[in-house]
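Taken from TrEMBL as is:
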type	residues	note
DOMAIN	20-140	domain 'LD-carboxypeptidase N-terminal'
ACT_SITE	Ser120	active site, nucleophile
DOMAIN	205-319	domain 'LD-carboxypeptidase C-terminal'
ACT_SITE	Glu236	active site, charge relay system
ACT_SITE	His304	active site, charge relay system
Amino acid sequence: MTWTDKHVTVPARLRPGAQVRVVAPSCSRSYVMEHDNTRWINERFAALGIKLSFGWHVDERDDFDSSSITSRLEDLHAAFADPAVDGIMSVIGGFNANELLPYLDWDLIAANPKVFCGYSDFTVLANAIHARTGMITYVGPHWSMFGMRDHFEPTGQWFTAATSGQAWSIEPATAYTDDLWFMNQDGRQTLPTDGPWVLREGAGTGRVIGGNLCTLNLLQGTGLMPRLEGAMLFLEDDAAGDIHEFARNLAALLQRPDAAGITGLGIGRFQQDSGVTRSMLQQAVDKHPLLDSVPVVANLDFGHTSPMFTLPIGGQARLAATPAQGQPDRVQLRFAHRREQLDQAGGSAENC
């Protein structure tokens, strides 16, 4: 079956006065609070007119820096069930959100679509919920990331654009950061970027699927993996994943029978400690003939560096990529919740 907009549920936009419930499906808030940046978090959400509330169990912490499956489920289900809650955000990532998958109340979630946002380990929930319910979810900043005092503006603007209900284009960052900002907010240094890297020329439009690659692959065999036919993949990994890990995880994903129907691939910027280079990524992509006919672009502004744009999982993306000699590659990237929004926008995607 071809996936169309009629299968998609778009959550209501976050407006001033909205309430966002913060939950901890992975690591607990007490883990984050070892370095307290709540002043900046509260100021940022107040500026957006968004009220914050917290799950009852967000501060519970065990030897895995998390809490029990029961506690995490109670907070997640309560957030979806509460009519006063307009959006749900994760505290931070971790390693164990997939433990919740067998016990999620899919009917409750489907009946109460809400903005649902986080990244890294959150990838497994964002993609599973979309696959099972058709609800658009978001791979974007955690609640804790709003505590970044400096260099946060593009991330915040992209989050607001993604949750506004309108189509939006990505204007690339001119610099980025890759540091333990939450431990020391002073003296942070920005790093230069040469912009997106076109690894395969082309243009395509498709349904957005992805996030953290190794986490997305945890869904294989669960019955909760999103369909890849017609999908525009956006994949990233953190510093723990070197080129060997990324390449074999990419191969595993592309070996799915429905992967032949993907319409493009965007790869997020790697952290410096990963050691991943443009040449390495080019070689990894060159191994897969099914990528020969679709646009492939790397070094995009999402993943485990900052700034990061927000991905609408289950939404739509239009990607056009042209290599350039002696100057930055030319890339156009535009997102929307429904295909008709992209079509109305025509070719107005901004260069990135």
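Each Cβ is built from the backbone N, Cα and C atoms, and glycine gets one as well.
Shown here: features listed in TrEMBL, placed on the structure.
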{"residue": "Ser120", "record": "active site, nucleophile", "DSSP class": "helix"}
{"residue": "Glu236", "record": "active site, charge relay system", "DSSP class": "strand"}
{"residue": "His304", "record": "active site, charge relay system", "DSSP class": "coil"}
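In sequence order, Ser120, Asp178, Glu236, Asp237, Asp238, Ala239, Gly268, Gln271 make up the list of same-chain residues 6 or more apart from His304 (active site, charge relay system) whose Cβ falls under 8 Å from its Cβ. A 10 Å cutoff on Cβ-Cβ distances gives Glu236 (active site, charge relay system) a total of 31 other Cβ atoms nearby, all chains included.
A sphere of 10 angstroms centred on the C-beta of Ser120 (active site, nucleophile) encloses 24 other C-beta atoms. Break the domain 'LD-carboxypeptidase C-terminal' (205-319) down by DSSP state and the numbers are 39 helix, 36 strand, 40 coil.
Regional average pLDDT for the domain 'LD-carboxypeptidase N-terminal' (20-140) in the model is 98.
In terms of DSSP secondary structure, the domain 'LD-carboxypeptidase N-terminal' (20-140) contains 54 helix, 20 strand, 47 coil.
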